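What follows is a short report on a single structure.
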Amino acid sequence: MWKWNVRRWAGARVNISKNRLSVINVGSRYLSTARSPLSKVRNIGIIAHIDAGKTTTTERMLYYAGISKHIGDVDTGDTITDFLEQERSRGITIQSAAISFPWRNTFAINLIDTPGHIDFTFEVIRALKVIDSCVVILDAVAGVEAQTEKVWKQSKSKPKICFINKMDRMGASFNHTVNDLINKFMRGTTTKPVLVNIPYYRKQPTSNDYVFQGVIDVVNGKRLTWNPENPDEIIVDELDGTSLEQCNRCRESMIETLTEYDEDLVQHFLEEAEGDYSKVSAQFLNASIRKLTMKNMIVPVLCGASFKNIGVQPLLDAIVNYLPSPIEAELPELNDKTVPMKYDPKVGCLVNNNKNLCIALAFKVITDPIRGKQIFIRIYSGTLNSGNTVYNSTTGEKFKLGKLLIPHAGTSQPVNILTAGQIGLLTGSTVENNISTGDTLITHSSKKDGLKSLDKKKELTLKINSIFIPPPVFGVSIEPRTLSNKKSMEEALNTLITEDPSLSISQNDETGQTVLNGMGELHLEIAKDRLVNDLKADVEFGQLMVSYKETINSETNIETYESDDGYRFSLSLLPNSDALPNCLAYPLGVNENFLIMEKNGNWDKEWKYQVSFESILNSIIASCIVGLQRGGKIANFPLYACSIKINSDWSVPPDIETPQEILKITRNLIFKALNDLKPEKYNLLEPIMNLDLTIPQSDVGTVLQDLTGARKAQILSIEDESSVSNSGASTCNSPENSNRIYIPSDAVTTLHATKDKKNTQETSSNVKKIIKAKVPLREITTYTNKLRSLSQGRGEFNIEYSDMEKVTNDRLQSILHDL
């Protein structure tokens, strides 16, 4: 009976007494994750709203895995994953950090801790591109918050585990948070929560209050408590009384949920368990939970208090027990849908049935003060060897690799190879100028210089679909203090946007003004800090401003260039529309612009030019980006949602050695096409935000009047907060589901009684309302103080980017006047 618990934390020292089992010195000796078989690898991301406890939970994971000898603390600024000075001084995660560590001596976990602040959404987007599954951390006091809803939608296809954190805090409610989870994410779907463990409260001898001290393990029917004086000590007890009753009800509910989807468990329940819920083996339950989690039919739910070191080891167990390995996860999305892909249990993802084809994605670039530029990559198929010749199928460049590393947040471990499913780092002078975020790398798995043996037309043209970059919504002007500082400013800006592609630079050719654009005020504040303090740029900044764009509402004339030496190009610009037949589309940066190339007859024949098609394509893309940044005729803002169409009759001289002339020709054609377009064919666009407001019912009238009048908002819905969050029921019965999910009620404490009484009073006199609206960003930049005044400090709001929309005629002159 006790063996299972002893094995749960490998390498632990065990003391057994008559009534309890103590597991001491939890953790495991460090093992190189490079040696773990694919089936034992887990690529996970930690996602949540800001301040839910992502970094605190990650630091406990690293401590219990044996990576760190002390527990890092966000408040004291000594965390491993938040290693940037700005992160430690502000106590928030700014950029995603990757780290690899072992668990239970046999599993390797590659973890990416992502930011929770909405301004750093791109860090979450690119992390989701390379992970196989997620751990969603929820605040037990706040429940499901706005950014949690956003990252849940972004990670829709990824298997998930939910960890309800901060169960030790005043006002924490497991019941409320699980109900919130169901009502906001699972209503209208077939997905259900499965409570893997539930909170355990111990009554204090000097009061009537109950204190959160551990969890009840529903699968194994044990109580786990943590010693507050010793972070390494876990006490495992048998259940009795209320704990046993709650566990039995949760186990019955768990089995009822699992058997709706799992026929194997149904058979085990009826035959081997003889219809007795208590006789269903933990082994069968774990297997069923794993199977259904990977199919996104269920979401395992656990709880704890990471700051108090409670519940982290069971969470790590759930990660390796329930989440998929790289050979069980989603296949990567390739540009060529005809290329066969499948999973091989030995080598992982097999592309084009070629075991020697190695494909990797560069998803992040950082600049280390000692090592220089470092590129984070995810290996999807094959094996990457140090010293290999690699082909960048995005740029058409070929180069030799230097060192390979496995990341450990601020540090890294050198390795000779990276295998399918791993996340690693590339360093060295050869990669610095040859790889950018979103590039696909291809090489031969066993030969150092084996590119010639790969299929040139098929395998060397493969690309993993690019990482989506949301458009910036704020900008700040930047200029060097003196003319001599201009070059260093440009170099620093280039480093900045290479590391973070959600930042962009635009330049007004008429005024010479340079503008740094970003996702929000905090995003730009961090970027400015990094420019001045880390990259030592001697610059001055202007005022924060909304990032307006321009677009065209009709197609331009077709402009043509033809020369005697063999160059010919014809192009036009048109508003974005549905995909054009017999054309290929390539994204152009962050402004929803595209290059559309009609298929050229030369593509299906033997390539006759000295330079690769990728080199020609990248020159055209570069000229398109420059041409569109020049701006429109309303206020010279960069162009948005435009397509540049290259006609199929283009040609270049067969003996062309560099694509430099192509860049010049196409750029001039773009300038001419835009210059010939009449001013009335341009529209001004502004960022529109989704606004979520929570306010007392008594303030709805005044808030709505302000929104629709002064702020030009479009109201989408108004509903009771209780209709999207059911707090207090012991069961949740979703209309779409046939069974009732048992959720234990929260322990009755003086605090909860007071809170419940207050909530009852509020419900009877001042119901909370949730208003959803769309509003121009310009009209809401100073909304915090206004809402505080309108709601007497009782209102809360969150905003996130929705889209770019045409500025209405009644507001156009006002906006232009303020520029």
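Every residue gets a Cβ built from N, Cα and C, even glycine.
According to Swiss-Prot, the protein carries these features:
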TRANSIT   1-30  transit peptide
DOMAIN    39-327  domain 'tr-type G'
BINDING   48-55, 113-117, 165-168  GTP binding site
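Within 10 Å of the C-beta of LYS54 (GTP binding site) we count 29 further C-beta atoms, all protein chains included. If you take every residue in the domain 'tr-type G' (39-327) and average the pLDDT, you get 88.
Just so you know, of the binding-site residues ASP51, THR114, the Cβ with the fewest other Cβ atoms around it within 10 Å is the one at ASP51. Taking all protein chains in view, 27 other C-beta atoms sit within 10 angstroms of the C-beta of ALA48 (GTP binding site).
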